[in-house]
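J.: Before I ask anything, here is the structure I am working with.
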Amino acid sequence: MKRTLVAVALLTVAGASVAALPALAAAPADLAAAASPGMLAAMERDLGLSKDAALARIAAEDKAARTEDRLRATLSDAFGGSWFDAASGTLVVGVTDAGKASAVRADGARAAVVRHSARKLDATADTLDRSLAAAPAGVTGWYVDVRRNTVTVTAAPGATAQAKSFVARAGADRAAVTVVESAETPRTLYNLYGGDAYYMGSGGRCSVGFSVQGGYVTAGHCGRVGTSTTGSNRVAQGTFRGSSFPGDDLAVVAVNSSWTPQGMVNRYDGYGVSVRGSQEAPVGSSVCRSGSTTGWHCGTIQSKNQTVRYAEGAVYGLTRTSVCAEPGDSGGSFISGNQAQGVTSGGSGDCTSGGTTYFQPVNEILNRYGLTLVTR
């Protein structure tokens, strides 16, 4: 399951962002007016639409959704599904009875005569769902394809015969099913946030520092080069690509394609803090830490260029803070405002009685390995 944190800006900004959310029942014009700059930018990037074209499409899609609801009820068993034709900005509605096409056109949509009703296709997909446990490994999924008026079963290359046999054993109407081979292998995707837990293959748990392109930074004492990691959900995650400890306490983990590094730090209350950069904060500044043992705690930056003599050896150039931490928080994020500061190295005390915690400055890690911080 793909986990999502809600971005939190600074105090009053967070309240303003909540108030700006559009009402779900907004009219088409209101929807267009409420489109955020981020949405419009994403539509331009991913769909090749100008701002005006994106606004027009949002309004047209809202109209199409309302029309679909009406026609689904009006056509009843003759409703064969519907889809939005982006080229014409028109809703296309399938009908199993050609005599119903006029009702579709009267409501401003385009009619297409199809063989199977939407109810028939949904029922066919439900039949396959009930036989999920019997599906062979070569069958990767199925879905209702309203444009082609069929239930498409996806199969691995060379597994068409297995898929057809599965459909027959499931008792689904084979006339309503199409088998398509695909080399794509579906996988679950996971977001990665600063402060999240991860586990080392060699044993132990640490915390993610900050997301970088292709992975994340963390503490060097958590793992050596080649150490494998799993995420907080124990799903395979990545491998330590670089690590230095003692002397420094820094590392970078490269993650696999199931994980998406996010420019946010987990605040452990269902919300996250956006990372905007890595401008170093001065002594005396407030700073907060996220870690997988104790969650979110704050304090102040007390001094810099600290040498700490751990039992394993000395580490130089650390920053001293009044923030508490406990085992398992190692590697986690230190952030001041929305600027990344460093990753948790070690300290004394705990989060019951208080303590002192040191962090490895993040910019040193970024520069050492030529990394790009993920921001938002």
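Note: Cβ is positioned from N, Cα and C throughout, glycine not excepted.
Note that the coordinates shown come from a computational prediction; the quantities given were computed from them, not determined experimentally.
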J.: Please name the cysteine among C298, C324 that TrEMBL pairs with C288 through a disulfide bond.
T.: C298
J.: In TrEMBL, C324 sits in a disulfide bond; tell me which of C222, C351 is on the other end.
T.: C351
J.: When secondary structure is assigned with DSSP, how many helix, strand and coil residues does the domain 'Peptidase S1A alpha-lytic prodomain' (116-173) contain?
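T.: Its residues fall into 27 helix, 13 strand, 18 coil.
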J.: Measure from the Cβ of C324 (disulfide bond) and count the other Cβ atoms within 10 Å, all protein chains considered.
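T.: The Cβ of C324 (disulfide bond) has 23 Cβ neighbours within 10 Å.
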J.: Quick one: of C206, C298, C351, which of the disulfide-bonded residues has the smallest count of other CB atoms within 10 A?
T.: C298
J.: Nearest by CA distance to C206 (disulfide bond): which of the active-site residues is it, out of H221, D249, S330?
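T.: Checked the active-site residues H221, D249, S330; minimum Cα distance to C206 (disulfide bond) goes to S330.
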J.: What does DSSP say about D249 (active site, charge relay system): helix, strand or coil?
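T.: It is coil.
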J.: I want to check the contact list for C288 (disulfide bond): same chain, sequence separation of six or more, C-beta distance under 8 angstroms. What comes out?
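T.: For C288 (disulfide bond), the qualifying residues are V273, W296, H297, C298, G299, V323, F334, I335, S336.
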